[in-house]
Amino acid sequence: MRIPIKDVTPEIGHARIAGWVHEERDLGGLTFLLVRDRTGILQVTIPKKKVTPEVLAAVKEATRESVIECEGVVKATEKAPGGRELVPDMLRVVSRAETPLPLDVSEKVPAELDTRLDNRYLDLRKPRINAIFQIRNACLRAISEYLWDNGFTQVQTPKIVAAATEGGTELFPLAYFDKEAFLNQSPQLYKQMLMSAGFDRVFEIGAIFRAEEHNTVRHLNEATSIDIEMSFANEEDAMHVLENVVASAYQYVADHCGDALATLGITDFKVPTVPFPRITYKEAIEISTAGGEPLVFGDDLSTAAERIVGEKMGTMYFITEWPTSTRPFYTMPFEDRPEVCRAFDMMHPRMELTSGAQRCHIHSLLVEQIKAKGLNPDAFEFYLNPFRYGMPPHAGWGLGAERLVMTMLDLQNIREAVLFPRDRHRVSP
């Protein structure tokens, strides 16, 4: 049976492995193959006078990135990666790679991001890139486990919808038989409907689609959103869950992803301390203005403003009490100052990671707010009906998985944090 490379030790004595030829060195009487699988790299040493003709023929056939299978004796040696090598008594080429390769998986020859994404199947073989997705997987596992442990039910909501979640024109239309339909921007409306259904606490990890024309290092047109909604809760309750979700993801990565972090060269990985600091929107625009990026009440925070405030805060933090005019129609305003609402953003010093709020659960107020945004309540009848028959107060948020991983690992482009990115210029591969 095949053994993962990370589990191959001299104590095993004899092992069978399979993987890709990462590098090859021919020193005359000796040939060295570095064989890579998902778990690591192992040196396969071929003493030409001591192996069979079949092994020698297979070694000659094997090109870089060919898939091979080999079996042999495992020996300890200080000169090999990981302090061990395998001397094969069987080696065969399972799938020979053509030459030249369109991309150097060993990364000795650098490549532009577009070239890498065009050949993503090869790019993902790189140990450094693979490490990003091992950590992403760990984050989603930790987040799911935290939410399950805290009484949340995982759900899957429709991705084909008849109306915009948040209004606006940032929608991808679909040819849906004889009806008008769109790819969903967010599970927001359905999460809220589940509060009326008595689900109490729900979460979803799924795709969202936004037809934004941004072409930046922090925007995607298809992304993965981690969403929650919880009944009988306000914005403070939602922030409490959020900061603990994020801290638990960091802690899980710190505890279980040491090898992946080392592959990425991260030696000072820090788990954020909870609770995260909180500042109001008013305080944020004052900090931005003092830092040279003037803002007035009602302005959204620009990239420059986020940078100025983030440098001052120096850690993850919340911005609370946003102008009602800047938030979607389903956000609950403060009763005594309706121009301000119970919304928050969770910020990394580099950028926004999450938006959330206490939601409006009062049918008449919700209809008013839909109209105030220039939208037609009739288009939201399916959503509004549950509010007529007993809707508890509720709150929630949506966290971008790619932005979480991007900031956690200090990646320079969000496309690095998704397997096959979709932006305004890329729909393949």
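For all residues, glycine too, the Cβ spot is worked out from N, Cα and C.
The annotation in Swiss-Prot ties Arg210, Ala211, Glu212, Arg218, His219, Leu220, Gly400, Ala401, Glu402, Arg403 to ATP, and of the candidates under consideration, Glu283, Glu339, Glu352, Glu368, the one tied to the same site is Glu352. Segment annotation: Swiss-Prot labels region 'Aspartate' over residues 188-191 (candidates 12-15, 188-191, 360-363, 384-387).
Here the CA atom of Pro81 (site 'Important for tRNA non-discrimination') lies 45 Å from the CA atom of Ser355 (L-aspartate binding site).
Considering only the binding-site residues Arg210, Arg359, the Cβ with the fewest other Cβ atoms within 10 Å is that of Arg210. Classification of Arg359 (L-aspartate binding site) by DSSP places it within a strand. Fewest other C-beta atoms within 10 angstroms, among the recorded positions Pro81, Ser355, are seen around Pro81. The binding-site residues near Pro81 (site 'Important for tRNA non-discrimination'), taking a 10 angstroms Cα-Cα threshold over the set Arg210, Glu352, Arg359, amount to none. It is 20 Å from the Cα atom of Glu352 (Mg(2+) 2 binding site) to that of Arg359 (L-aspartate binding site).
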